[in-house]
Structure formats: structure tokens, C-alpha cells
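Per TrEMBL, the features are as follows:
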- 5-153: domain 'Phosphomannose isomerase type I catalytic' (DOMAIN)
- 169-256: domain 'Phosphomannose isomerase type I helical insertion' (DOMAIN)
- ARG294: active site (ACT_SITE)
- 336-376: domain 'Phosphomannose isomerase type I C-terminal' (DOMAIN)
Amino acid sequence: FPPAVFPLSCVVQNYSWGKVGLESEVAKLVASGDPLVQIQPDQPYAELWMGAHPRGDALIRDNRIPQKTLGQWIADNPACLGAKVKDAFQGQLPFLFKVLSVNTALSVQAHPNKELAAKLHAQFPEHYPDANHKPEMAIALTRFEGMCGFRPVEEIVSFLQNVPELRALIGEVAAEQLERSGSDDPRGVSAALRVCFTRLMKSEKKFFVDQLNMLVKRISQEAAEGKDTSGSNGDLLLRLHSQYPGDIGCFTIYFLNLVRLEPGEAMFLGANEPHAYLHGDCVEIMACSDNTVRAGLTPKFIDVLTLCEMLNYTPAPSSSKIFPAAQSQLDPHVYLYDPPVPDFTIMRIEIPASIKLYLISAMDSASILLVIRGTAVGTSTAAASEMSLQRGSVLFISANESISLHLSSPDGMLLFRACCLL
């Protein structure tokens, strides 16, 4: 009977925006999970991929298992997904679980819904590699900053009045249309917002670079004189401009909410929600897709027309972007982040130091378990032998299997468990 619970060795992505060396939570987790790994002090460690994605399929760390990767193992043992998950997602693991360590901003982007994804994939398969949607959720491990969703209109209007360079790019007609749009007409507001944002994103390169340079010069002078530049969102502007000089994405700070998460807080990014991660470490879970429509703060392929067409132009305050965790009714140590999509759920499991034996309970879904803090020995009837767990350990747990944790750390344990609750 093959082991159905086993440790994984996961793929690191060294994207240029990642934190460098042991500044990176990804690097720290990898180094403590596998002492043989050498961390390069000048290399970015941006993402850790825990799953069976073809571009980053996890290796199985158990030499009694003939399959080398998780993807191969699931293909040969699809029942491990759980009956409902296997049927709903055609024998594929429906999610990709990640850790991200963000040093410089990621591109301004959105992910298509299923209908648009299918269309984009058919037309431009080289840029849109699959036909799936890609909702995602990020949970902060350290203080985490990102932009997400359109700001309330009054905030955008205030920037249009305080930042003449922004107004010049959008034009007087569009700016006035937004200023006049009333809260009693949400469709009118969304239409005006769409026009303003599209005008910004489609402005002529030379023109917006000139305006951006004027803005940066003005804000730098004001900051040097000790003036308050918050009316122009000065601090963030200078930071993004230093990372991506001359990039249109610098102006998106006037349209998108700045969301700050404390450790344990989450944001959910549904289809067509504009967003850009700015700084910090998080765990992230997403539907298994690579479809991203980008339009700034990036050297990658950008598709401004598609982005401006697809976005959800519903303004909302930044506080509404924080996704709440619900304490489990069945186990007070478990907090559930259960978003409005079927593809994934995350559990945060906090085990206090007073508990020495804890059961990771069985569920009708395959799951992936990540240890952030603490040490334990794990035993399971479905594992070949006992497993030592420490910071950075990653386990695959087949559906309907459980693990007993025998805790040995003085400060308890913090774990995240990714699964699919249909």
C-alpha cells in the first residue's frame, strides 16, 4: 500500500522582484526545511511553489515512492484528491499554494474570469497559457502592502485636484465627468471611472513620461522642504518611481487602494480585480492557472486594452479588501479563510505550547501543509515512517488521511494548510 502522506521538496522561483538572500522568508523557509540547501546571499528568492504545476512540480522526498514528483503521483493515484475534488477538477489538484517574498512591486495586473480566460487562451496562447480563471488569496506572514481594487471616488477626485500632472494625462473632460458622477448612480460612476483609468493607461508614452518626471521633481522638492506630500501620495510615488522609472504604473497609485495587512490578515482577489503587491511576505493560494493580464510596473508583456476592458470598476474603501478568517466551530486552533470560489480554502492552525499532541484531521480533499513555526514529529497510518517537521517542512496529505503531531517546541506551532472544500 503506497504511502499517501509524504514530505515535499518545493520549487523556488528567483524572480527579480523577490527579497534577496536570507532577507527573504522563502529563503529562510527553504534553508530550515532542508539544511543541505545553500542560500546565495545576492540571489532573489521570490516564490516557493507548493503543488503540481508543470512549471514548478514539487519533488517527493520519500524514496519508497516510485514517482518523482507530486504531479506524477496524483496522475497515478487520482483518488488521493478526494472523490468530489477529483470529479470537479478532472483529476487535477485545483490549487497552487505559494510563499511570496516581495521586495519591489509586482506588476499592476488582473486575472480573467473563466469566460475571458477561454477567449484569451484561444486567441493568444503564447501570452495566456491556459483556459482557467485565477482567483487568488494572500495571507500576510510579515507586514504586507499591496494595491487592490479601485479607491472610493472621493479619494480619486481629491488626487485629480491635487495632482495636476495626473489631471493632464486624463484630460479635463474625463476628470470633470468623474467629479460630477453622483453616488446615487453607481453605473455612471463605474463608467466615468473606466474612462479615466483607460485614458491614463493609454496615454502617449512621451507625454506620460514628461508628466511623471515633472511630478517626481515637484514631490522630491516638496519632500526636501519638509512639506506634507500625502495629498499627492508622495512617499509611494517616489518609491515606485525609484523601482520602475518612467513606468505608467506609477500613476495607478491614484486610482487603486493601498491595503496594509498585519500578519494573519488576508486579501482575496477575485476575477477582474486590479492589484499589485508592493512589499512583504505572504502565503498565497490560487486556482491552478498562469493567466495574468498586465499593464505596468513590469518589463513583461503588457496588454493595456484587455486590462482596461475587463476590470471591475466598482469603487470601495481599502478596509473592505481585508478578507476575514473565521475560527473553526470544530477546532478552536483552526482559522478558516474560505473565499467565494470553489477552488481553494486555507486554514491557519495555531497550536499553543501547552498542547503536546495535536491531530491534523482527515478531510475529503487532498491538502498541503506548511510549517511556519515550531517542531514536531508527525505519525500517520498512511505514511511510510515517522516524519520530523520543522520550520519550512511541506507535507502532502491525501484525502481522508490524518496526522498526529507530537510537538516538541517551547513556543507551539504555526501551520498553514491548503485544501479544497467542495
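From the backbone N, Cα and C atoms, a Cβ is placed for every residue, glycine too.
Note that TrEMBL annotation is computational and uncurated.
The model shown is predicted, which means the values in this text are computed figures rather than measured ones.
There are 22 other Cβ atoms within 10 Å of the Cβ belonging to the residue listed as 'active site'. If you average pLDDT over the domain 'Phosphomannose isomerase type I helical insertion' (169-256) in this model, you get 97. For the domain 'Phosphomannose isomerase type I catalytic' (5-153), the number of residues in each DSSP class (helix H, G, I; strand E, B; coil) is 40 helix, 42 strand, 67 coil. In terms of DSSP secondary structure, the domain 'Phosphomannose isomerase type I helical insertion' (169-256) contains 67 helix, 1 strand, 20 coil.
According to DSSP, the domain 'Phosphomannose isomerase type I C-terminal' (336-376) comprises 0 helix, 21 strand, 20 coil.
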